[in-house]
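Chemist: Straight out of Swiss-Prot:
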COMPBIAS  817-834  compositional bias 'Polar residues'
DOMAIN    455-730  domain 'ZP'
CARBOHYD  Asn141  N-linked glycosylation site
CARBOHYD  Asn492  N-linked glycosylation site
CARBOHYD  Ser534  O-linked glycosylation site
CARBOHYD  Ser545  O-linked glycosylation site
CARBOHYD  Asn571  N-linked glycosylation site
CARBOHYD  Asn590  N-linked glycosylation site
CARBOHYD  Asn697  N-linked glycosylation site
MOD_RES   Thr840  phosphothreonine
REGION    737-751  region 'Interaction with TGF-beta ligand'
TOPO_DOM  21-787  topological domain 'Extracellular'
TOPO_DOM  810-851  topological domain 'Cytoplasmic'
TRANSMEM  788-809  transmembrane segment
Amino acid sequence: MTSHYVIAIFALMSSCLATAGPEPGALCELSPVSASHPVQALMESFTVLSGCASRGTTGLPQEVHVLNLRTAGQGPGQLQREVTLHLNPISSVHIHHKSVVFLLNSPHPLVWHLKTERLATGVSRLFLVSEGSVVQFSSANFSLTAETEERNFPHGNEHLLNWARKEYGAVTSFTELKIARNIYIKVGEDQVFPPKCNIGKNFLSLNYLAEYLQPKAAEGCVMSSQPQNEEVHIIELITPNSNPYSAFQVDITIDIRPSQEDLEVVKNLILILKCKKSVNWVIKSFDVKGSLKIIAPNSIGFGKESERSMTMTKSIRDDIPSTQGNLVKWALDNGYSPITSYTMAPVANRFHLRLENNAEEMGDEEVHTIPPELRILLDPGALPALQNPPIRGGEGQNGGLPFPFPDISRRVWNEEGEDGLPRPKDPVIPSIQLFPGLREPEEVQGSVDIALSVKCDNEKMIVAVEKDSFQASGYSGMDVTLLDPTCKAKMNGTHFVLESPLNGCGTRPRWSALDGVVYYNSIVIQVPALGDSSGWPDGYEDLESGDNGFPGDMDEGDASLFTRPEIVVFNCSLQQVRNPSSFQEQPHGNITFNMELYNTDLFLVPSQGVFSVPENGHVYVEVSVTKAEQELGFAIQTCFISPYSNPDRMSHYTIIENICPKDESVKFYSPKRVHFPIPQADMDKKRFSFVFKPVFNTSLLFLQCELTLCTKMEKHPQKLPKCVPPDEACTSLDASIIWAMMQNKKTFTKPLAVIHHEAESKEKGPSMKEPNPISPPIFHGLDTLTVMGIAFAAFVIGALLTGALWYIYSHTGETAGRQQVPTSPPASENSSAAHSIGSTQSTPCSSSSTA
């Protein structure tokens, strides 16, 4: 009997131990994270100290770009020794062909790692560096025509600028910045630049930026220290910034890489992300293969195709709790175990997850993680000449292509933008972007350097590609098409020739700021698939349509899923297209829209370049349309502020929506309508202002405004909607009118540089004893027509006054000649008067008055 009780008690104790075992939450004590913690929290920003840009080198044989680096304030043992310099052309230049001179001045010797995109090979480039510094080139072809020389540069910005001008005649750009790991410079000359480079303190330009990552304090714990083939990481973010308007969505980047460079890690990851604020998690993985599942209550996005080395899926769960204990319990209850780490950050906008490699299990992991049909694609030795270079610019060992392999459709739509229109750059070798989902510039390798020429007229666009450039890039047996795969290339002895009508083969039009049309299409280089393509990645049923390169509308047997197409975007511009039938966005002839920003409500001088606005400061906006038809009008359909330059990505910070003001600070002004005495010059203006609220955790924002045509008549032959005033639009605008407005819209984008109050107080703090600088005078003036009217009236008044005086004087002289004896004034007064008149008047009547 006793033995039965002992057995029962022993079984009860065993069951208690078994149930208590998997609860590791009690074993995890939060502590400040160290460098060994797998997850690090950071705050990312972009800035420069001062600088300038000019078009002064346009007529010279080379561009001249000056970088003047300042110490970042580290101790002697923490000096940064390496800088990565990213070079690519400005947005208006597709491939940069001009010679360039770089003056790279640094306070101590540096190793400059050069990363280039869309810079033509065979062009002379000279790098002048400080004594002891060296330049390392990522491309052997680029280094063949590049030279490096050491120089003893002068100190100080102005001295260095004058030295460069004396040596080379002019300077294209001058940038002063603190030493950063990544510096992004766009080469090229833009005619909108000023003629001379004058250094300014508040120099803000997307062409010249440095990236700074500041570590942020975080707490966490590691619950499983041994590397596993499957890991679960929990990240909890309290707030993405300290801004009181943090209800607006902010991008939070999760960067996943191996803990050591030159290694490729195979993992199955589960990330549980939690933030009470409205954020968008942007997931990017490099050099890590396997599957990745993201679970979060917020929106989730993935990086570009080159930033997704893993098979990514996402799951939106609204029941994810907060705090460490609840999160760990929720993960275990939902079967996500074993939990590897938990991290909590009070403030951050970027997280780095670094993974260890369990080398002893790596061989088996590949078998279980990747379907057998695709294993051959991960073997670098089995690949043809078309390979994707390593993401890290060539120093990595991962010669194989990242998994999974995107198809043509996904790559095109991912890199073109949500509207299907290509961004004004080459997606294969992207330019620097600080925009939607890509708030920071990102390096992308694997560019295709081909020689092409584009011609277009009012009916078609023709692009010719040299065959030799394909062979030089290692391509053979490829299929060359436009975006529409039915539009195949024709071959002659030397070129591939592709022809597209302006409204076919995937060609998309977009109106440029110069009232012309830019037509976009892409060359798709498709290499035949390797082996069988019947297999699908594990867990494909969980993928959303279009996620990670598997579009929902493609058949399983499509061989393009298992080849890596290269996409080369090209465009062709037509100025003042006269055939409105080929492009229906501008059916009303000679119409010009414009938008300008001003600093005051006088609307005198528009702001040039990036508009600087302080927190809670006023922004004054003027939009106008110049047209020939007086019955045509326009309306401000939508205005919003966004961290994205792409106007098709909407934002919660709306100023005007469907003509109706949504922000309580919007104030409209009543400018006079301008009528010019020449045809096609009738201008309507609309002016408004609003108070800028700091709702985003970034210093660079974009004001997006959509203008739409309307008619002042009851009915318009081209079915334009009737113009509606803002107060009426807030109550009586129906869906049919909104749809009609969307068919004739023009979008303008203006960059805004946010000036934070904290930065202003820090700058003003040390100079309290100095007298306040005299603020620049504000000249209150009138518009041109009013001034012309006043001048004309003054001229008429002056002419009438002169005639009246002449009449009085001439008649007074004749009377004096007829009078023989003066009666009233004495003789002394008459002689004085006659002398005065004779001395001041030189007219023919002067002699008669004294006769």
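Even glycines carry a Cβ here, placed using N, Cα and C.
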Chemist: Ten-angstrom check, please: count other Cβ atoms within 10 Å of the Cβ of Asn571 (N-linked glycosylation site), all chains counted.
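Modeler: A 10 Å sphere around the Cβ of Asn571 (N-linked glycosylation site) contains 23 other Cβ atoms.
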Chemist: For a three-state summary based on DSSP, what are the helix, strand and coil counts in the region 'Interaction with TGF-beta ligand' (737-751)?
Modeler: 6 helix, 7 strand, 2 coil
Chemist: Relative to the Cβ position of Asn697 (N-linked glycosylation site), how many further Cβ atoms are located within 10 Å?
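Modeler: Asn697 (N-linked glycosylation site) is surrounded by 26 other Cβ atoms within 10 Å.
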Chemist: Of the glycosylation sites Asn141, Asn571, Asn697, which one has its Cα closest to the Cα of Asn492 (N-linked glycosylation site)?
Modeler: Asn571
Chemist: Counting Cβ atoms within 10 Å across all protein chains shown, which of the glycosylation sites Asn141, Asn492 comes out on top?
Modeler: Asn141
Chemist: Would you mind reading off the Cα separation of Asn571 (N-linked glycosylation site) from Asn141 (N-linked glycosylation site), to the nearest angstrom?
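Modeler: Just about 26 Å between their Cα atoms.
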Chemist: Cα-Cα separation of Asn141 (N-linked glycosylation site) and Asn697 (N-linked glycosylation site), in Å?
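Modeler: Computed Cα spacing between Asn141 (N-linked glycosylation site) and Asn697 (N-linked glycosylation site) is 41 Å.
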Chemist: State the three-class DSSP label for Asn141 (N-linked glycosylation site), counting H, G and I as helix, E and B as strand, and everything else as coil.
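Modeler: It is helical.
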